[in-house]
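Visitor: The structure that follows is given in the form of structure tokens.
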């Protein structure tokens, strides 16, 4: 199984808009000074995906060449629930996952990021096992060894969501890794909301040590950069601009400098849009 190597240089960007065409997300990334981006490859709030055309693929490839952006990440749709207890929703999710991954391969995207799932009326244990099956069923798409990694995003621990603890993510990875290339996208707001104190370099040291012991740092492939409106451990997923929330700017400076995290692709999801992202990218590059 081919495993995409990590980038050789630090990459920083944001979740940009694909309005008017997927390629436009790449051009917006260039305009804000990014070296990578995240985007939705389809409407994130609908089950039905439009089919990629050869023209769409060619436009995207041209934009990749013209912008020199790399390690592009697709964020899968919000309706997906890989661990859904409802058979109908589970089947819809698996179809959508398959289409999402196939499109990412066609476009030459490096990462596809999924929320691991929600147990809803069922146990988290059963949800975790269904999610493992869902992701493992994507194996046929990887028989040609495409340079794509499926990422499981850390969650804030709200409701019945799985993936808020490193232990749950480790369980998922152990069940999936023999079938498809898999890793973790660490969302700073989410892990802070889930109780991991990353508001200081000392806190990060403990969290990274714990991550390495439970999952392994080799599985940490990308980071969502978001400050948090709410204090530590509140299980609330509310993003704030960098340095304007309860995590604080010191935490993000650490990520930009520490050798374990410096070169990991990082994607801003902060509220404020392109003008804010331009300022945040400049700031983070300055402190790196």
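Every residue gets a Cβ built from N, Cα and C, even glycine.
So Swiss-Prot has the following annotated:
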{"type": "BINDING", "residues": "75, 115, 153", "note": "Zn(2+) 1 binding site"}
{"type": "BINDING", "residues": "153, 187, 224, 269", "note": "Zn(2+) 2 binding site"}
{"type": "BINDING", "residues": "190, 237, 239", "note": "Zn(2+) 3 binding site"}
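Help me picture these features in the structure, burial and contacts included.
Guide: DSSP assigns residue 115 (Zn(2+) 1 binding site) to coil, not to a helix or a strand.
For residue 224 (Zn(2+) 2 binding site), other Cβ atoms within 10 Å of its Cβ number 24.
According to its DSSP assignment, residue 239 (Zn(2+) 3 binding site) is in a strand. Around residue 239 (Zn(2+) 3 binding site), taking its Cβ as the centre, 21 other Cβ atoms fall within 10 Å, counting all chains.
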Visitor: Let me check the 10 A CB neighbour count of residue 269 (Zn(2+) 2 binding site). How many other CB atoms are there?
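Guide: Its Cβ has 16 other Cβ atoms within 10 Å.
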Visitor: Per 10 Å Cβ neighbour count, which of the binding-site residues 75, 115, 190 ranks highest?
Guide: 190
Visitor: How many Å lie between the Cα of residue 75 (Zn(2+) 1 binding site) and the Cα of residue 224 (Zn(2+) 2 binding site)?
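Guide: Spelling it out, the Cα of residue 75 (Zn(2+) 1 binding site) and the Cα of residue 224 (Zn(2+) 2 binding site) are 11 Å apart.
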Visitor: Once the DSSP letters are reduced so that anything not helix or strand counts as coil, what is residue 269 (Zn(2+) 2 binding site)?
Guide: coil
Visitor: Quick one: which residues besides 153, 187, 224, 269 have a Cβ within 8 Å of the Zn(2+) 2 site's Cβ centroid, in sequence order?
Guide: 113, 154, 185, 186, 188, 189, 190, 223, 226, 267
Visitor: Whole-number Å distance between the CA of residue 239 (Zn(2+) 3 binding site) and the CA of residue 153 (Zn(2+) 1 binding site)?
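Guide: Between the alpha carbons of residue 239 (Zn(2+) 3 binding site) and residue 153 (Zn(2+) 1 binding site) there are 15 Å.
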